[in-house]
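Working notes for the structure below.
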């Protein structure tokens, strides 16, 4: 944030000559100058906070995308259930992030492992943070919860959603975001000293903090629950369970694409910052534009690679696979979007498409069932994104964005040595360990308490009818559509929809 430019009457008076009113004139001129200077400072704060708030709105708009993507990816009999869980992910998470999450993540002064202030936004705003910053970070927290809900869709008790989303956004996610995003975090690249491997971890917008965390949490939930009924036959072969509406999948993908610009470019947190001499055309606004470009290219490269890759493997042009590939590209570039060149983003997308295809093949062989492929997409692609950043981060961009520590390590393939890669491998291992211990234990306890998976009868009939009062779509018997099926009845198409 720009500082006010001061005017000293003592320094100004000699320049006004020996006139009798020189002192009064100097006082008046400086008072007017200070007033104008303060207005510029106020304007800078307003512009930066407006930019951050607009970015927060974009990231929150991703919840529309998650809702549509999830709804289209499940069977029609569970549409209302998955839509309601998306709404409650946001609603429940907001309360717990307000009470505990933000304080654990960013409350300072703190130690390297956990925040200690701002519980319930007490003594807020401060010189460090304003309300726009809280809103922006909250929108990231609910994104992590939304990722996990996709992995355990169509077979999870409603109370389990409430418990896991509260725990994830109120404790697990805030702790890891403190480690890597707070200025006090032990692995943060913005620490004043004692940087991990002299670098810290450059996870700019959260390939690890958001996507890998949400993916690992979803992985454990799906593993402990087991696959949906009918997902694998008696011989152990995979049985396709397509979502009921590809149109919603495409709509959700475009909404997520739109919101991702706030996710990645908004992570600069401010826009009025010059990198070189004042008055230059080049500054943080340029880096923000570049970040939007790298985000776009990575997603598009992954989408095209997935299109032709799946065509070679299955002889089909599959729109849902392309959408998942596109989102995988976005998840991967999120870590390094601000510190890599556009050409490198294309490489990121090309590789991540094959990473996602490979993880999906592995999931089938291991009989792992994830209706939205969320663990593979966010966890697997997010992991590649973390490694990609350590390989392709450019020295000039790293020094511009993390100017407090000059000459820090950068991408291995860009001549920056292996220290950044070492820090990023530590991040992956730490995330897998911490999230597995916390979220894995939670899902295991829910399983043991019989609070995790729904009954076989409910799963066969569908949760919309059994738990939410009816189907998501209104059928009219006049035109030959079946009546709303009832639990235990043999009418309708509850097994196939």
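Just so it is clear, glycine is given a Cβ too, placed from its N, Cα and C backbone atoms.
Under the heading transmembrane segment, TrEMBL lists 51-74 (among others).
Residues or ranges marked as domain 'Ammonium transporter AmtB-like' by TrEMBL: 51-473.
Outside the transmembrane segment (95-114) by six or more residues, the chain places 120-121, 128-129, 133-134, 137-138, 141-142, 166, 169-171, 173-175, 177-179, 181-186 with a CB less than 8 A from a CB of the stretch. Taken from TrEMBL, the feature transmembrane segment covers 95-114 (among others).
With a threshold of 8 Å between CB atoms, the same-chain residues lying at least 6 positions outside the transmembrane segment (134-152) that come near it are 52-53, 55-56, 59-60, 62-63, 66, 69-70, 73, 82, 85-86, 89-90, 93-94, 97-98, 101-102, 105-106, 121, 124, 160-161, 164-165, 168-169, 173-174, 177, 206, 209-211, 213-215, 217-219, 221-222, 225, 263, 266, 269, 370-372, 374-375, 378, 439. Residues or ranges marked as transmembrane segment in TrEMBL: 134-152 (among others).
Residues 85, 88-89, 92-93, 96-97, 99-106, 110, 112-115, 137, 140-142, 144-145, 148-149, 152, 187-188, 201, 203, 208-210, 213-214, 217, 221, 427, 430-431, 434-435, 438-439, 442-443, 446, 451-452 of the same chain lie 6+ residues outside the transmembrane segment (159-181) yet bring a C-beta within less than 8 angstroms of a C-beta in it. Feature annotation from TrEMBL assigns transmembrane segment to 159-181 (among others).
Feature annotation from TrEMBL assigns transmembrane segment to 201-224 (among others). Residues 140, 143-152, 156, 164, 168, 172-173, 176-177, 180-181, 187-189, 263-264, 267, 331-339, 368-370, 374-383, 385-386, 389-390, 393, 398, 401-402, 420, 423-424, 426-428, 431-432, 435-436, 439-440, 443-444, 447, 452 of the same chain, all 6+ positions outside the transmembrane segment (201-224), place their C-beta atoms under 8 angstroms from a C-beta of that stretch.
Residues or ranges marked as transmembrane segment by TrEMBL: 245-263 (among others).
Residues or ranges marked as transmembrane segment by TrEMBL: 343-362 (among others). Tertiary proximity for the transmembrane segment (343-362) is limited to same-chain residues at least six positions away from its ends with a CB under 8 Å from its CB atoms, namely 293-295, 297-303, 305-306, 309-310, 313, 324-325, 328-329, 331-333, 336-337, 373, 376-377, 380-381, 384-385, 388, 392, 394.
Residues of the same chain lying 6 or more positions beyond the ends of the transmembrane segment (421-446) and with a Cβ under 8 Å from any Cβ of it are 148, 160, 163-164, 167-168, 171-172, 175-176, 179-180, 187, 196-197, 199-203, 208, 212-213, 216-217, 220-221, 224-225, 383, 386-387, 389-391, 409, 412, 452. The transmembrane segment annotation in TrEMBL covers 421-446 (among others).
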